[in-house]
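Q: Structure below; questions to follow.
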């Protein structure tokens, strides 16, 4: 596997570092003769101005910033041919490399991919013109798509090489971010070019106004989206803090189990990650862990903090915490997604658990995850009246309970997760109590 | 040479609420002085003017390189470099397109007969013609400029904005932010 990967990387490196740069040199050299022609000087200066302007006129998208250079280059190709497009690319590269500290190889590769895109589109345009079979509008649309596609593929290849990522996934990621706006700008450039062709250079003025307006609208729109996202984040943070505070207050009532909810939440999250749940689900499971014992608020102190063995009646009362917690959250009208965690985390796979005696798959996944985390923490954590079990023994118990008390597949995942940790990390997590929530968070993250 | 551009930049900066508070510190000003001396020498020793001007351009480029922490200086550097390429490859003189230059109200005789120490006539034999003085700029002061001059004008505009304490950062514009934070 290893040699194949490195061979692929060497091939990619050769194409990117030599192929792209060689391509750039050849294409720029061939354009050079067109630049010498007196007829082109006016166009070159106009496109220099346009390039300067467009380099600093970004269109802001939600996750990236797109400059309109490609649109300018595209219009250059359509109106005056490949050499004008290449000129714009060279001018842009000159500006960017003088303004930013650039890596020479990366800059060369970047201009390589750009001029190769330009050359391909220019070549296709000449071919389409020569066969004269497609209407100009369709041809422009087709060329815009080709420009986008070739640019994406070559750019993706460069990025995947420099950042050591898969080519296809890089291209997909890039395409997801800005395709629609990119194509919109290219199509506008095409329309603008045809207008200039038929009505002269003055049509550039309304075109520029259109560009600036679009840029402004996007800017406004995405800054509003960003503000909204910020608000959502704030609310999320508030919820997290609120839940963590709840957990701390639950644990504070139960003197024997300081930090229990935090640790259970931590282990539950690890299991959720191990079985490949989505990041949102993983977070849900974590907060399920944080709140799973909230019902203990409704248990008398006398019973909750009783030293020594509980009577069957007292034990029955303790068992009520699942239902009490469920009712509290139900009434609160918030965090409904966490209800199964609170009600069913003491259910058993064989149906002998409480409060509902659910069996097997009927027990919600979150509750099955929490059952293991809860049992494990209860076993290994030190209590004032007894020392915690050694981790190996606790895992043995989990193994023994797999299939009857616990979901056997989840138990397997959990055992693997714990075994992957070093002794030190494990101790650090087990020893955390509620007062050190922050450190626990750090350990987790 | 850039008088109109500089005046225009000052007006823009004033409208933006800019005021001169302190002059920035430039490094290696000697290079700039040296370059001016060389250009003066070029005017007097026409035989060696090409060499003087070529070296003067190296000195100015050096000055920009030493002051490159400012964006305006880097834009100047691009412009000066493009002009320098045209001058170095054309024996120390900037070729000017007569077709465009004839529209100017100046006497072109010294350029045509080769006695102008800075300019020569653009011919088929001139190198890198697209970087020479080929663009007619009608206002504010009519002149024929090169593509490098476009960058120099932009650099001058940015420099004035910075002098007046209202710097504009091109890079930040590119990143979608409006204006530069004050240095």
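Cβ coordinates are placed from backbone N, Cα and C, and glycine is handled just like the others.
Quick caveat, the model's predicted, so the values are computed rather than measured.
Sharing the record's features from TrEMBL:
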- A:15-33: transmembrane segment (TRANSMEM)
- A:40-59: transmembrane segment (TRANSMEM)
- A:71-95: transmembrane segment (TRANSMEM)
- A:107-129: transmembrane segment (TRANSMEM)
- A:141-163: transmembrane segment (TRANSMEM)
- A:175-193: transmembrane segment (TRANSMEM)
- A:199-218: transmembrane segment (TRANSMEM)
- A:235-430: domain 'HD-GYP' (DOMAIN)
- A:257-379: domain 'HD' (DOMAIN)
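Help me picture where these features are in the structure shown.
A: Counting only same-chain residues 6+ beyond the ends of the transmembrane segment (A:15-33), those with a CB under 8 A from a CB of the stretch are 82-83, 86-87, 90, 105, 108-109, 111-113, 115-116, 118-119, 154, 157-158, 161-162.
Cβ atoms under 8 Å from those of the transmembrane segment (A:107-129) belong to residues 16-17, 19-24, 27-28, 73-74, 77-78, 81-82, 85-86, 89-90, 93, 96-97, 139, 142-143, 146-147, 150-151, 154-155, 157-158, 162 of the same chain, restricted to positions at least 6 beyond its ends.
Within its own chain, the transmembrane segment (A:175-193) has Cβ neighbours under 8 Å at 59, 61, 63-64, 66, 68, 70-72, 74-75, 78-79, 140-141, 143-145, 147-148, 152, 203-204, 207, 210-211, 214, 218, counting only residues six or more beyond its boundaries.
Away from its own ends, the transmembrane segment (A:199-218) comes close to residues 46, 50, 53-54, 57-61, 68, 71, 181, 184-185, 188, 192 of its chain (Cβ-Cβ under 8 Å, at least six residues beyond either end).
In the predicted model, residues of the domain 'HD-GYP' (A:235-430) average a pLDDT of 86.
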Q: Can you break down the domain 'HD' (A:257-379) into helix, strand and coil residue counts using DSSP?
A: 85 helix, 0 strand, 38 coil
Q: Near the transmembrane segment (A:141-163), which same-chain residues lie under 8 Å Cβ to Cβ, leaving out any that are not at least 6 residues past its ends?
A: 9, 12-13, 15-17, 20, 70, 74, 77-78, 106, 109-110, 113-114, 116-117, 120-121, 124-125, 128, 134, 169-171, 174-175, 179, 182-183, 186-187, 189-190
Q: Take the transmembrane segment (A:71-95) and find every residue of the same chain, 6 or more past its ends, with a Cβ under 8 Å from one of its Cβ atoms.
A: 27-28, 31, 34-35, 40, 43-44, 47-48, 50-52, 54-55, 107, 110-111, 114-115, 118-119, 121-123, 125-126, 140, 143-144, 147, 185-186, 188-190, 192-194, 196-197, 211
